[in-house]
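Asker: Before I ask anything, let me first share the structure, which is written out below as structure tokens.
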């Protein structure tokens, strides 16, 4: 395990063209602190938006994100740069759990998810990560991520209805900032859009500042103890699959950008995120995950130094010790949250599709098509099932289980039977959408479906094999 220390990169003032600042290197401390502040700004919008949506204290969430980041750096031997912020995958199960039993029950679910992720991380560290790829191929991972975004859509609409014009202003601001500004400002579109929406809400008298006036400037965050309720634990299990995918993706992204192999740290990354999420569940914070926002900062600066993340964690810790700041975050009105949520939940859904595209998942394969289609519809309709023991499973949990069961079940049967899948035809897809399977991708084209001439079929020959056609003796067989 590496010690907590860094050697100075070059002259400490600049990164030479074509070079990168490695995790065990740093620039001069003033520059390192500046980059650390950039990481704080990058993670800030998403990290505080989750507690604003779920009703968790923002200061407590920041506190445990700082503790989680330090835990991640220590467990990975100070070799893997990452900031652990609030995971959007927890929004739906936390909302459902809080509706049933309050914040303590939701924290019990977060704690359980953290323990399970830590256990999986330990297994990966000891025996490797090959089984993850086998259990969660791209079609499965992408569908699970996408169905979470789809399942959150009604929550976004519920907030938008509270103040539609404020939500529209927020969405428009995010869209404008995304394409108008370059570099860091463009990557902060969500945060800046929320600020614009917040100002619009203030001008419409939709914000009440009483809690901010009454809060202390300096003080400890509000801690809450968890409570275990077996009936809601099923809501949180699918989140673990998303956290695994996010952590694995983060490790591979850093490896690709630095040119180093970090596969040996895969188990430690999962373990540390599990520990961090467990800490959050114990004290009242949101579940954590590695942040893609901070990967963007590293890609732009070419600085992968873990020293910058120690600075970011320290800054977040200081901010968490201001109850007045947490109270200010709590004043963000529903219209702003609905607008930001509409964009964010949509992004989550499309990120799932991005996994399909990047891995060239073929939807001409009926196994992939059926697996994704069933999972997404279950999530969109929010199927709900309650066991005799009182445990409740909702859209995300049922959708995740269906995706895993259908993909592996259909593949196993196809392998056993030796059946060969056939490409989907235009007639099998509604709306005249044609699937053209090419050598390395599936191309979706719209337009009228072509007329397909029926092929000449050979005359039926006698066979001893059973038929599926109904007979006089079995008139109802179909």
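Start at 1 and count along the chain as shown; that gives each residue its number.
Note: Cβ is positioned from N, Cα and C throughout, glycine not excepted.
For reference, TrEMBL lists these features for the protein:
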{"type": "COMPBIAS", "residues": "454-472", "note": "compositional bias 'Acidic residues'"}
{"type": "REGION", "residues": "444-478", "note": "region 'Disordered'"}
{"type": "TRANSMEM", "residues": "56-75", "note": "transmembrane segment"}
{"type": "TRANSMEM", "residues": "82-99", "note": "transmembrane segment"}
{"type": "TRANSMEM", "residues": "105-127", "note": "transmembrane segment"}
{"type": "TRANSMEM", "residues": "139-157", "note": "transmembrane segment"}
{"type": "TRANSMEM", "residues": "163-181", "note": "transmembrane segment"}
{"type": "TRANSMEM", "residues": "188-208", "note": "transmembrane segment"}
{"type": "TRANSMEM", "residues": "228-245", "note": "transmembrane segment"}
{"type": "TRANSMEM", "residues": "303-322", "note": "transmembrane segment"}
{"type": "TRANSMEM", "residues": "334-355", "note": "transmembrane segment"}
{"type": "TRANSMEM", "residues": "391-410", "note": "transmembrane segment"}
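Walk me through the surroundings of each of these features.
Answerer: Using a Cβ-Cβ cut-off under 8 Å and counting only residues 6 or more beyond its ends in the same chain, the transmembrane segment (56-75) has close neighbours at 43, 47-48, 50, 82-86, 94, 103, 221-224, 268-269, 271-273, 275-277, 279-280, 283-286, 288, 290, 306, 309-310, 312-314, 316-317, 319-323, 325-326, 329-330.
Tertiary proximity for the transmembrane segment (82-99) is limited to same-chain residues at least six positions away from its ends with a CB under 8 Å from its CB atoms, namely 39, 42-43, 46-51, 53-56, 61, 65, 68-69, 71-73, 76, 105-106, 108-110, 113, 148, 151-152, 155, 229, 232, 235-236, 239, 242-243, 246, 250, 254, 269, 273, 276-277, 286-291, 293-294, 309, 312-313, 344-345, 348, 392, 394-396.
A Cβ distance under 8 Å defines the sequence-distant neighbours of the transmembrane segment (139-157), meaning residues of its chain 6+ beyond its ends; these are 53, 88-89, 91-92, 95, 238, 241-242, 245, 338, 341-342, 345-356, 359, 361, 368, 371-372, 375-376, 378-380, 382, 394-396, 399-400, 403-404, 407.
Among residues of the same chain six or more beyond the transmembrane segment (163-181), those with a C-beta under 8 A of the stretch's C-beta atoms are 188-190, 192-194, 196-197, 200-201, 204, 206, 333-336, 338-340, 342-343.
If one looks beyond the transmembrane segment (188-208) by at least 6 residues along the same chain, the residues whose Cβ comes under 8 Å of a Cβ in the stretch are 41-42, 44-46, 49, 163, 165-167, 169-171, 173-175, 177-178, 181, 331-333, 335-336, 339-340, 343-344.
The list of residues near the transmembrane segment (391-410) in space but at least 6 beyond its ends in sequence, with Cβ under 8 angstroms from a Cβ of it, reads 92-93, 96, 100, 135, 137, 139-140, 143-144, 147-148, 151, 230-235, 237-239, 241, 367-368, 370-372, 374-376, 378-385.
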Asker: Are there residues at least 6 beyond the ends of the transmembrane segment (334-355) whose Cβ is under 8 Å from a Cβ of it, and what are they?
Answerer: 46, 49, 52-53, 88, 138, 141-150, 152-153, 155-171, 174-175, 190, 193-194, 197-198, 201, 206, 245, 361
